[in-house]
Amino acid sequence: MGYGMSRLEDEYYEPEGQDTDGSSSVQVNDEFSKLHNDIFHMTRMRSGLSESIYKSMGTNRGIISTAKLLSGREVDCSGKGKFSSGDRAFVLGRYVPMNGPEFLDRMDSRAYVSQFSADGTLFVAGFQGSHIRIYDVDRGWIIHKDIHAKSLRWTISDVSLSPDQRYLVYSSLAPIIHIVNVGNAARESYANVTDIHDGLDFSQHEDVQYAFGIFSVKFSSDGRELVAGSNDEAIYVYDLHANKLTLRLPAHTSDVNTVAFADESGNLIYSGSDDTLCKVWDRRCLSTGQAAGVLTGHLHGITHIDSRGDGRSFISNGKDQAIKLWDIRKMMSNADSCADGAPSWDYRYSRYPKQLKQLKHPHDQSLATYQGHSVLRTLIRCYFSPAYSTGRKYIYTGSFDSNVYIYDVVSGSQVAKLNGHQKAIRDCSWHPIEPTLVSSSWDGRVAKWTSARDEEASDVD
């Protein structure tokens, strides 16, 4: 059976600044610091005021209040009749979601996954106890769909909504990914009782030698394909329209914990593994079965990757307690794993040894490193803040110490530390438009954080 999906129209949105309250936690590669790397430059541009605003108001940089900007827009000081995306991002980026938590739900099992839909109208949370809940954000966070997962092994490891929000896929530590129609009216979805949870078998490939589990799954931007990373060291691509597995790549020398499409084209795939390497795969030239490039810098396994969406930059979270920012133009054709002999350590059983915190990879190709959060016992996830409302000027992450950390991309300073959960936060998600962040924790709670100035922010559009 094939699955036809249409794509939602995307809007574009961005912002900027807020006073920082933490000490610098970034290490910037010296070479890129000298070159004024264009990723940092573009971040400043897309989250900063345009020159026309400064000139029209006759004001020095950095001292324009939000009220004055809104007033200037009303009288059309810039001559454009509206804010540019950068102007809007400058204003909205001040409204960092730090007020909270407001607890939205609580389950009797650990929450592993959480994400907003592309338009922010839905929110998905996946729990270890075979539950996936979809909340209707615009209707007071009522439960839109309560999915009782099928054939779960250990936990729900990942979920992904199709771009048109008609389908949801969920994975666990098994080679079967299930797909559910979430567009129908029924609130309760029991596998193959009230709804069909079709199983997509990722083990139907001649090179598969043993049972495996899937850690990461993502829809392509057109909704036609799924990409998945597994603990049999491979990347898989499944064609939903043809209803068949179309690609298996023996990608790494250890578990593939995370995969992501680089941009909307679907040609490039990023992967991160316990072998400490980030790899870039170009589907247009896979005849040799080799990655297009490799990026080194992490000392221990990689838990999550988030693409900036520009086809050349991404961030990764690592068991070495660090987030790293990458530019794939710096990648090598090949590299050794195991971080050149970094001491072994298992993040499931102990704190990160103090002596390891001083170590640096001798061939670190990352642009910057962000530290302060804790990556222990589970695959903690990190993300860029939304393009529309922040210009991607922040990085945010869950943490084993039960906090959400928000860093400034360029300065590396800790912008906020959100405290309210009792146990590890594996995943969190920033609303694509509004200054709202939702975290899900091993304490079973789903919590919402908002800006202190939400009403004022709503006037910016």
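Heads up, the Cβ atoms here are built off N, Cα and C, so glycines get one too.
Remember, predicted model here, so these are calculated numbers, not experimental data.
Range with TrEMBL annotation region 'Disordered', chosen from 1-26, 339-364, is 1-26. Secondary structure of the repeat 'WD' (295-329), assigned with DSSP and counted as helix (H, G, I), strand (E, B) and coil, comes to 2 helix, 19 strand, 14 coil. Sequence-remote contacts of a segment are chain residues at least 6 beyond its ends whose Cβ falls under 8 Å from one of its Cβ atoms, and for the repeat 'WD' (214-248) they are 1-7, 157-164, 167, 169-175, 177, 179, 200-202, 204-205, 207-208, 254-261, 263-264, 266, 269, 271-273, 281, 283, 286, 379. When pLDDT values are averaged over the repeat 'WD' (249-282), the model yields 97. Helix first, then strand, then coil: DSSP counts for the repeat 'WD' (249-282) stand at 0 helix, 19 strand, 15 coil.
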